[in-house]
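What follows is one structure encoded as structure tokens, with my remarks underneath.
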Amino acid sequence: MAEHLLGGTTDQDPHRLTSVLAERLAAGSRPGERADGHRVALAIEGGGMRGSVSAGMALAIHELGLLNAFDAVYGASAGALTAAWLLSSKPQGILSCIDPRLTRACIRTTNLLRGRPMVDVERLVEDIYIREYPLDYASVLDTPIELHLLATDIATGEPRDLFSEMTDGKALRLALRASTALPVLAGRPVALGGRRYFDAGLAESIPFRQALRDGATHVLVLRSKAVHDVPATKGAEQRVPPSLGARFVAKVALRRHTPQLKAAYLARRARMVDDDRVLAAYETDRSGAHPTAVLSIRPDPAVPPVSRLATDSNLLREAFEFGRHAVNACFAPAERGNPVGAVGSDLLAA
């Protein structure tokens, strides 16, 4: 059943990644106890509230019973929050990201009048995720699947994996806050392990590169953006200028920070274009010419645009379901006709 479930990427030529997932599911192998020589990673893109798309994808991974086929999960920005929920004892909590009560509590322009960040990640992680939507932090730390949360080191402007810093619940919460600490919008940098951090998106918006640096042989990338044109010319990333808004933030909001951080922020747009190009190249490698197999899942182009600070619950739910459907369409066989949200791990036993 596992091989059939995971044959949906193409009709005749399953992706190398889906083949390995199918083999692991068929063998019943467990994270931390495998001998197949592979390191299979799940990388989750964020993007503020646009991360509701990749959150829907992550929940579908759980619902399809695929999670235990992975060895590590990587999260950046809002993708870090999704990753933590996914590896917790209650992955259905991923749905909290589209609950209007939560979004209204965490994204408030009036916070600026009270001296609070417009995006109050500290309240989300230290209060709401404990009292209102309990995230079982202990279970996240106890899972045999590695959790790698990325953030941007404000001294170097480089991405940093906070895996080794997450030794207890307090450190895990700080890591989540660091990965989602948007400059200006979310307040000051977050201190952890003697360093200070801003949002992962400044240096690495899509955490697949960190997975590759860690030796992943197979990476599934959950994208929050729909397909768009990718420049084909080598070095084109050098010709992608930062936006006027980015220039303003770098000059004003980041004026007291290091030149390296400012440079990383200004190069963000070009880096995202390069990420798209690299991932597109992996997509065309069906022959196995590249030793690493990377598969990206994007939502349908009809997905509604979601801004970083969106709070419209209907919009967020629609985006979430687009993400959910994208994973189901990729992995669940079309002939089963499973509706979005109705596909569960029982498929594996069918």
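Using the three backbone atoms N, Cα and C, a Cβ is placed for every residue, glycine included.
When the ranges 34-39, 46-51, 238-243, 256-261 are checked against TrEMBL, the one recorded as motif 'GXGXXG' is 46-51. Spatially close to D199 (active site, proton acceptor) yet at least six residues away along the chain are S77, A151, T152, S179, T180, A181, L182, P183, A186, judged by Cβ distances under 8 angstroms. According to its DSSP assignment, S77 (active site, nucleophile) is coil.
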